[in-house]
There are 2 protein chains.
Amino acid sequence: MIKPRTPPGVLELLPREQIAFQRMLDAIRGTFEAYGFLPVETPVFELTEVLLTKSGGETERQVYFVQSTGALEKSGAALPELALRFDLTVPLARYVAEHEHELAFPFRRYQMQRVYRGERAQRGRFREFYQCDIDVIGKDHLSIRFDAEIPAVINAAFEKLAIGEFTIQFNHRKLLRGYFEGQGIDGERQLLVLRELDKLDKRGEAAVAATLAGEGFDLDAEVVERLLAFARVRSTGHDDALARLDALGAGTPLFEQGRDELRQVLAQLKALGVPEHRYALNLSIARGLDYYTGIVYETLLDAHPEIGSICSGGRYDNLASYYSKSKLPGVGISIGLTRLFWQLREAGIVGAAESSVDVLVALLDDADLPEALALSQQLRAAGLKVETQLEPRKLAKQLQYADRAGIRFAVIRGEDEAARGVVAVKDLRRGEQFEVPRTGLADALREALA
Amino acid sequence: MIKPRTPPGVLELLPREQIAFQRMLDAIRGTFEAYGFLPVETPVFELTEVLLTKSGGETERQVYFVQSTGALEKSGAALPELALRFDLTVPLARYVAEHEHELAFPFRRYQMQRVYRGERAQRGRFREFYQCDIDVIGKDHLSIRFDAEIPAVINAAFEKLAIGEFTIQFNHRKLLRGYFEGQGIDGERQLLVLRELDKLDKRGEAAVAATLAGEGFDLDAEVVERLLAFARVRSTGHDDALARLDALGAGTPLFEQGRDELRQVLAQLKALGVPEHRYALNLSIARGLDYYTGIVYETLLDAHPEIGSICSGGRYDNLASYYSKSKLPGVGISIGLTRLFWQLREAGIVGAAESSVDVLVALLDDADLPEALALSQQLRAAGLKVETQLEPRKLAKQLQYADRAGIRFAVIRGEDEAARGVVAVKDLRRGEQFEVPRTGLADALREALA
C-alpha cells in the first residue's frame with residue numbers, strides 16, 4: 001500500500017473549492033473575451049533549446065526538465081530535450097514568431113494555463129500555478145491606446161470576480177527614467193536607482209535613502225530627497241492624477257513622452273467609463289528591471305494590501321527578438337490565479353462554493369425511478385444541472401446529502417404530490433419548502449436560480 | 001536566432017481552431033455538469049512512487065519524468081521524483097484515496113486535462129493530449145443504475161458537439177466470460193479468448209478462428225463457430241436488443257448476471273429518453289483485458305467508423321487498491337479530445353470557427369475614439385464580445401480584417417449615421433448591411449446572435 005499524496009508545492013482542491021476556482025477562471029475568461037482577446041493554448045513543454053534562449057540565472061535554475069524513460073537511460077551530460085514552461089510569455093513569443101504570417105496584428109491573445117517553477121518548498125509558494133495572461137502584440141508599432149485599454153480589462157475582470165474593492169496603480173518607465181535623467185543620473189545608473197526605488201515597500205524610505213546617498217551611488221542629499229518625493233506621488237481621483245502630472249514641472253524629452261502617454265491613458269480610461277476610484281498614479285512602481293519599457297501596472301486589493309499586486313504587467317519593446325527579425329512591441333498583464341486563490345482562501349474571502357449541481361431529484365421508492373429519470377431529463381433540457389438520486393434512501397438522508405454537497409434545490413415527489421400533479425421543492429439555501437405544478441417546475445427553478 | 005517550433009507530437013492550434021476546440025471543451029463540460037458531475041483538477045505531475053505503483057510494461061516505458069536543474073546535477077541511478085500523468089485514472093485513484101474522508105460517495109467527478117505519453121512520433125499520435133473523463137466511484141457498492149446513466153451522458157455530449165450521428169455500443173464482460181464458461185472454457189483461458197475476440201476488427205474472422213482452433217487453445221470447430229456467432233451479435237433498436245439477449249438462451253450464473261444487467265441498462269436508457277438508434281448491443285466489444293469487469297462501452301461516428309471509438313469506458317471493481325483498503329468500485333468513460341479534434345479536422349468536419357469576438361466597433365476618425373469606446377462598453381455591458389478598432393484605418397481594411405478574423409458583425413458610425421442617431425451594422429456572415437437606432441444596437445445584435 002502506497003500513501004496517496006500529491007508532490008509538495010501544488011494546490012489540489014476539493015470539488016467545492018474547485019467549483020469556486022473554476023468560476024474565477026470562467027469570470028476571467030469571459031472578461032478577456034468581452035474585450036476581444038482570442039484564446040491560445042501551448043504545450044506544457046517546449047524544446048529546451050527554444051525555451052531557454054532568453055532566460056538565464058534564476059529562471060533557468062528553476063526550470064523543470066522532462067524526459068522519457070528511453071532518454072533517461074541514454075542521458076549524458078547534455079540537458080534533456082524538453083522543459084516545462086515557467087511562464088506564458090516565452091511560449092507567446094515562440095507562438096507569435098512561429099505563426100507570424102498566419103496571425104493578424106495587433107494580435108490580441110489570452111492564455112490561461114499552468115506554469116512550472118522549481119521553487120523552494122514554502123507555504124504559499126507554488127511549483128505549479130495558473131497564470132491568466134492577456135497581451136496585445138503589434139508589428140513594428142503598437143499605439144498607446146492599447147496600453148490604455150488594459151486597465152479597463154483589469155477593472156472588468158476584478159469587478160466580475162467580486163473579491164472586494166481594488167485599485168489599479170500605474171506608472172511609466174520613461175517618466176521615471178526621464179526624471180532621473182533630469183537629476184543628472186545617466187543611463188546605466190538609472191536602472192540601478194530604479195532597482196533601489198523598487199525596494200521602498202520592503203526596505204522603507206530611510207534605508208533606501210541611505211543606499212542612494214552611500215557608496216556607489218554618491219547622490220546628493222537633495223537629489224535623494226527629490227527622488228523619494230517623486231516616488232511618494234499617489235493620485236486620488238482622475239483630476240488629481242492630471243494635476244499631479246502637471247505639478248511635476250518640465251522635464252527631459254523622455255520624461256515628457258512618459259507624461260504625455262500617462263495623460264492619454266487617463267483620458268481613455270475616462271472615455272471607457274472606468275470608475276475613477278479604481279485607478280491611480282503611483283510613481284514608486286517600477287516592476288522589475290529590463291523587460292518593461294513604458295507603462296507599468298499593479299493592482300491592489302484595498303482591504304488586503306498585504307497580499308501585494310494581484311494583477312501586474314506593462315509595455316515592452318520587443319517580444320520575440322530571439323525568434324524573429326520582426327519588431328514586435330507589446331503590452332500585457334498577468335493574474336497568478338493559484339496564488340491569488342490560496343491567499344483569498346487564507347483571508348477567508350473565497351472557499352467552498354455552492355455546488356455546480358442546481359438540483360437533486362430525490363428518489364423515495366424504486367418504483368419511482370422512471371419518473372425521477374424523466375423529470376431529471378426535463379430539467380436538463382431546460383438548462384439545469386441535475387443529479388438524480390438513483391437508489392432510494394430515507395428522505396432525510398437525501399436532504400442531508402444535498403445540503404452538505406452545496407446543492408441548492410431538492411425536488412421531491414412522493415405519492416401525495418404525484419396524486420396532485422405537483423412536486424415539492426426544498427430550497428436548502430433558504431431553508432424553505434414550496435410546491436409547484438410538475439409542468440411548471442423547470443421554469444420555477446430557473447427563475448429562483450436567476 | 002533560434003527557429004521557433006513546438007516539440008514533435010503536440011497539437012498547437014491557431015486562434016480560430018482554438019476557439020473551435022474550446023467550444024468542444026465547453027460543450028463537454030456543460031454536459032458533464034448537467035448530469036451532476038463535479039470538477040476535479042490534479043497536478044500535471046505525481047510522485048513517481050505514487051504514479052507507477054500500478055502500471056508496468058508498456059505504460060511505464062512511455063512515462064515522462066520531471067526533474068529540476070538541481071536534481072539533474074545530483075541524479076544517480078534512481079528514477080526522478082516526479083513523473084507526468086499518463087492518464088486521468090491513476091490520478092483519480094490517488095485523489096479519491098487521499099481525500100476519501102472528505103468526499104461523498106457515490107462520488108461523481110469529471111476531469112478535463114492533458115495527459116502525457118512518450119509515444120513514437122507518428123502522424124495522428126500525440127505525446128500531449130486532452131482527456132475528458134467522467135467516473136462515478138462507489139464505496140463498497142455501486143448500483144448498475146450508474147452504469148445505465150453513462151450512455152445518456154455520452155448521448156447528450158455528442159448531441160451537443162454536433163459532429164454527426166453516432167452509436168453507443170455496449171457489451172458486458174460477465175456476459176462474455178459467462179458465455180465462454182458455458183462453452184467449457186475455464187477462468188484463465190477466458191481472458192485469452194477474450195483477447196483474441198478483441199482482435200476481430202483488425203485480424204478478421206478467419207484469422208481469429210484459426211488461432212482459436214490452433215495450438216494453445218485447441219477449441220473444437222463447433223465451439224469456435226459459436227464464439228464467432230456470439231461476437232457477431234449487433235442489435236438495431238431497443239426491442240431488437242432485448243430480443244437478441246433473450247435469443248442467447250440459458251447460461252451460467254455469471255452469464256445471467258451480465259444479461260440481467262444489460263436488460264436493466266436498456267430499460268433505464270428508455271426511461272431516460274435516449275433515442276434508440278443511438279445505442280446498440282455489440283457482443284464483440286471486450287476493451288482491453290484486466291481492468292474492466294462489467295459493462296463496457298464504445299462510441300462510433302456512423303459516417304466515420306474508420307476513426308474508431310470516440311468515447312469508451314466501462315465498469316471496474318476496485319479503483320484504488322494500491323492506495324486504500326476500501327473497496328471502491330466505479331464506472332467511467334473517457335473522450336480523447338485532442339485526437340478526436342485532429343481526426344475531425346482531417347475529415348473536414350471541424351476547422352477554424354467563427355471568432356469568439358461578436359462585434360468589431362470600427363473607427364473612421366481619431367475624433368470618434370471616445371464615442372467608439374463608449375459604444376463598445378455599452379455592448380460589453382449587454383454581454384457582447386467586442387473588439388474596438390483603436391486606430392482609424394480605411395473602412396474597407398477594417399471590414400476585411402473582421403471578415404478574415406471571423407468576426408460576424410462590424411458596427412460603423414460615420415458622420416452621416418451620427419447625425420441621424422443610428423449606427424450601420426455590417427453582418428459579414430450574411431453579407432448584409434442594416435441600420436439600427438444607436439439606443440437599440442445591443443438588443444439588435446444580441447437578437448441576431450441568438
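Just so you know, glycine gets a Cβ as well, placed from its N, Cα and C.
Per TrEMBL, the L-histidine site holds B:Asp87, B:Leu88, B:Thr89, B:Gln131, B:Asp135, B:Arg287, B:Tyr291, B:Tyr292; the candidate it also names there, chosen from B:Arg117, B:Arg120, B:Arg145, B:Arg278, is B:Arg117. Secondary structure from DSSP puts B:Thr89 (L-histidine binding site) in a helix. Residue annotation for L-histidine gives B:Asp87, B:Leu88, B:Thr89, B:Arg117, B:Gln131, B:Asp135, B:Arg287, B:Tyr291, B:Tyr292. The furthest Cα pair among them is separated by 22 Å. Sequence-distant neighbours of B:Tyr292 (L-histidine binding site) (same chain, 6+ apart, CB under 8 A from its CB) are B:Arg173, B:Gly314, B:Arg315, B:Tyr316. For the binding-site residues B:Asp87, B:Gln131, the ranking by surrounding Cβ atoms (within 10 Å, all protein chains) places B:Gln131 first. Residue environment of B:Arg287 (L-histidine binding site) contains 19 other Cβ atoms, counted within 10 Å of its Cβ in all protein chains.
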